[in-house]
Amino acid sequence: PQTVRGVIARSKGAPVELTDIVIPDPGPSEVTALIATCAVCHTDLTYREGGINDEFPFLLGHEAAGTVESVGEGVDSVQPGDYVVLNWRAVCGQCRACKRGRPQYCFSTFNATQKMTLTDGTELTPALGIGAFADKTLVHAGQCTKVDPAADPAVAGLLGCGVMAGLGAAVNTGAVSRGDSVAVIGCGAVGDAVIAGARLAGANKIIAVDRDAKKLEWATELGATHTVNATETDVVEAVQALTGGFGADVVIDAVGRPETWKQAFYARDLAGTVVLVGVPTPDMRLEMPLLDFFSRGGALKSSWYGDCLPERDFPVLIDLHLQGRLPLDKFVTERISLDDVEKAFHTMHAGEVLRSVVVW
């Protein structure tokens, strides 16, 4: 076992702490990863607030890149020294979804078997089975996806969660294709990743919708061709006006509230596609005329982790970034140290950054 530093959430809503944690030596199918970078994602804040479950204390952090330090028995997919992005979809290959050729819906994904602990032996729950706000972490070998080591780890690690969620919502779930018109509601990091994905897929018109002028600026930098400030205009009318009165082919809700989903529903073209990627809270309800669903046709989808397969998608997206076709570096607003995580939660909540990235 090794003792390293890690950022933990000890109790609901309490500020996070930087403390010593114990990492076991990797057992069968497990890997110890040396963390190079880990971005601050809203999901970490949700863990701290008790919004995922109440299995405190949590070892936070999951959007990470680094190198494999050591491997356990039976691991042949990676070896010490490999440059990897960590993922939380290590598919099992055996469940119903995997066997039907839909591994992105795998419901038996792998995590490390052994528990990381505090120095007093208290077991930690790693965020999304990763726990990467730490000098090192213990994961399942399938959670390590090899990518080109030429990529800056601060950039590569973003694919571990939010940026992949957005890119995949456009490219995989929404199936945006050349010449499409796309509207994106909510232009934080996930929404901007949707925009980058739509641009990559060849969308002709990309309409960014937000209430914050600064976020609309970021959206333009990432490829939006038009912007709509939702505080100043009716979103549905604005999207229709920008698409010849028809509505967009694909509308992606990166907020996840009843009112934004309704905007997405009515802002799409007849038989268009709506993709929900923003995460609603359990108490949110939607009331709409059922006839509107019947009469408009099309597809209503949700996207979880961008319907990605890490081993298929991460290397390709990193290659596209290195070719200059996917500006992942624009998501990195600031680079911070491990003891700045609590402060970064406040900066993120205030909408002042796309991503704060902890760099070792």
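Backbone N, Cα and C define each Cβ position, glycine as well.
As the structure is a computational prediction, the values presented were derived from the model and not from experiment.
Among the candidates H62, H140, the one that Swiss-Prot lists alongside C41, C161 as binding Zn(2+) 1 is H62. Cα spacing between C106 (Zn(2+) 2 binding site) and H62 (Zn(2+) 1 binding site): 19 Å, rounded to the nearest whole number. Less than 8 angstroms from the CB of H62 (Zn(2+) 1 binding site) sit C38, C41, T43, D44, L86, W88, P126, A127, L128, G129, I130, G131, A132, G160, C161, each of them six or more residues away in the same chain. Taking a C-beta cut-off of under 8 angstroms and a sequence separation of 6 or more, C92 (Zn(2+) 2 binding site) has the following same-chain neighbours: C98, C106, S108, T109, F110. In sequence order, C106, F107, S108 are the residues of the chain that are 6 or more apart from C95 (Zn(2+) 2 binding site) and have a CB within less than 8 Å of its CB.
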